[in-house]
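Annotation source Swiss-Prot lists compositional bias 'Basic residues' at 1-18. The compositional bias 'Basic and acidic residues' annotation in Swiss-Prot covers 19-28. The annotation N-acetylalanine is assigned in Swiss-Prot to A2. Annotation source Swiss-Prot lists region 'Disordered' at 1-28.
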Amino acid sequence: MAVGKNKRLSKGKKGLKKRTQDPFSRKDEYSVKAPSTFAIRDVGKTLVNRTTGLKNANDALKGRIFEVSLADLQNDEDHAFRKVKLRVDEVQGKNCLTNFHGLDFTSDKLRSLVRKWQTLIEANVTVKTTDDYLLRLFAIAFTKRRPNQIKKTTYAQSSQIRAIRKKMVEIIQREAGTRSLAQLTKLIPEVIGREIEKATHGIYPLQNVHIRKVKLLKSPKFDLGALLALHGESSTDDKGQKVEREFKETVLESV
């Protein structure tokens with residue numbers, strides 16, 4: 001008789017003795033801080049595996065990119081269709097200090113702008129800021145009806161399109177090339193678009209002129225001092241600073 005395994009014999013199950021560990025018990029929570037150029041600096045929280053052995057939590061956090069609505073950062077719903085990318089450059093305590101990494105439009109906003117009976121004009125420019133950031137800015141514009149126009153269509157001639165595009169490139173180079181990255185992030189949402197609209201009014205009236213996308217091509221060598229200056233020269237939590245200011249004001253009022 002052949003000797004084999006008796007399958008009917010009950011075996012002890014190995015899996016029962018193992019206890020499942022919650023993966024979140026090994027993680028730490030860090031606050032993500034936006035640069036001081038934005039009105040709201042608390043972006044949110046991010047999770048990372050706790051430092052163990054040679055694996056450092058700070059190294060895992062550096063380089064992370066967060067996409068945030070500009071409406072949340074500026075506390076203004078008019079900017080809801082703009083998305084800002086923030087990159088973690090430094091970790092201090094439980095705070096992740098970020099820097100501007102790019103800007104984009106939501107796809108639904110872009111689709112809502114494109115319509116019939118008008119001309120779409122696009123331009124892209126590669127510029128270097130005064131603090132050596134290499135950026136590529138993409139501009140978009142649409143033709144609109146002149147006052148008292150009867151004709152339904154507002155198509156621009158190819159010569160007019162070339163003239164408008166030339167103006168767009170000139171304005172973007174002038175505005176972006178003479179400013180730092182922090183100053184440029186304030187201008188991108190509204191100011192540059194309005195400048196283009198004013199300058200090209202004589203060629204053909206435009207509407208919905210926007211910088212629809214900003215791409216960061218190259219960053220200068222990392223400078224901790226510059227990053228801390230961008231975050232208000234302090235790595236501590238903003239809440240502490242606000243309480244101190246409020247406390248001083250109440251003392252002055254009571255005196």
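One is the number of the first residue shown, and numbering goes on along the chain from there.
Quick reminder: no glycine exception, Cβ is built from N, Cα and C everywhere.
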For the compositional bias 'Basic and acidic residues' (19-28), distant same-chain residues with Cβ under 8 A (at least six beyond the ends): 47-50, 57, 94
Number of helical, extended and coil residues in the compositional bias 'Basic and acidic residues' (19-28), per DSSP: 4 helix, 2 strand, 4 coil
